[in-house]
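A.B. asks: I have a structure here, written as structure tokens, and I will follow up with some questions on it.
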Amino acid sequence: MTERRAPERPATRMGPQSTRRDWRPFLYGGMSSCFAEFCTFPIDTTKIRLQVQGQRVAGLRELRYRGMSHALVRISQEEGLRALYRGISPAVLRQSTYGTIKFGVYYTMKGVICPNPADETLLSNVCCAIVAGVVSSSIANPTDVLKVRMQAANDSVRQKGMVRCFSDIYQQEGVRGLWRGVGPTAQRAAVIVGVELPLYDFFKRYFIQNDIMGDSTGNHFASSLLSSLGGAVASTPIDVLRTRMMNQRALLHAGPAAAAAASEGVVPAHFYRSSLDCLYKTVRYEGCRALYKGFVPTWLRLGPWNIIFFVSFERLKQLY
């Protein structure tokens, strides 16, 4: 048993030196996050479309998609395959900030709190993950707003690029528009990161210590798949609220701009006043099941995303 644990320590801590001055968790986390995001982005687009439909809002009432497969086919047929990657630029930009900070902070905090990997506990890992998720998601929120709106295919952003959309949000909605939905975003990140990363570390260590699998690709695959299931179950309701909050617009000035926005089916500024108001109206008008809209693509995306990320992350650690 001792012989199996020996190689685990450098793999977990990325080397003998202190992670307080180790840049690798940040770099490897960002690189692996961007790669995983690009590979799974079409699934994320279907999730966004499923989550925003069915609201009591002009332009979003119709249930156009019956599920993930139907959404993939219909979007491809009606809008072209490129539509599945609409919003990929802010998504990659988001992962280059969110992913870099999240995984860097998580593994660095673990190294500070528990210098010896054998002393790690599930509670300490959960606390580190929650802090990492909240900090990273709050900083990267503007890129998330851009991604959601481009994926939701609002007419106002359909033909615009990332820089133009960013400029429009800032001019029409102010700085607050760029941080719209930051509350549920931080809550979602706290839940999903607080579940996924500790679960991954737990299952990985469990498989090694019980001689089920060594520190191998098979272990990384199974651990990431199991952690993604827990993350999907815990985070989907918050993700639905986050998506709807981010997709609505609150213009700074009324007049022609507001009239044009209304004609495009933009959510009125008063529709969702807060994440709790969004929760109340979603359950009242659509039922509790609406909180799990997009669950299948959420898990089917988190599963491959985590597998691609953690396998890439572990390989990068082994290379250097």
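Here, residue 1 is simply the first one shown, and the rest follow in order.
Every residue gets a Cβ built from N, Cα and C, even glycine.
Features from TrEMBL:
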type	residues	note
REPEAT	24-112	repeat 'Solcar'
REPEAT	120-206	repeat 'Solcar'
REPEAT	222-319	repeat 'Solcar'
A.B. asks: Please count the residues of the repeat 'Solcar' (24-112) that DSSP assigns to helix (H, G, I), strand (E, B) and coil.
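C.D. replies: Across the repeat 'Solcar' (24-112), DSSP assigns the residues as follows: 71 helix, 0 strand, 18 coil.
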A.B. asks: How do the residues of the repeat 'Solcar' (120-206) split into helix, strand and coil according to DSSP?
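C.D. replies: Helix, strand, coil within the repeat 'Solcar' (120-206): 71 helix, 0 strand, 16 coil.
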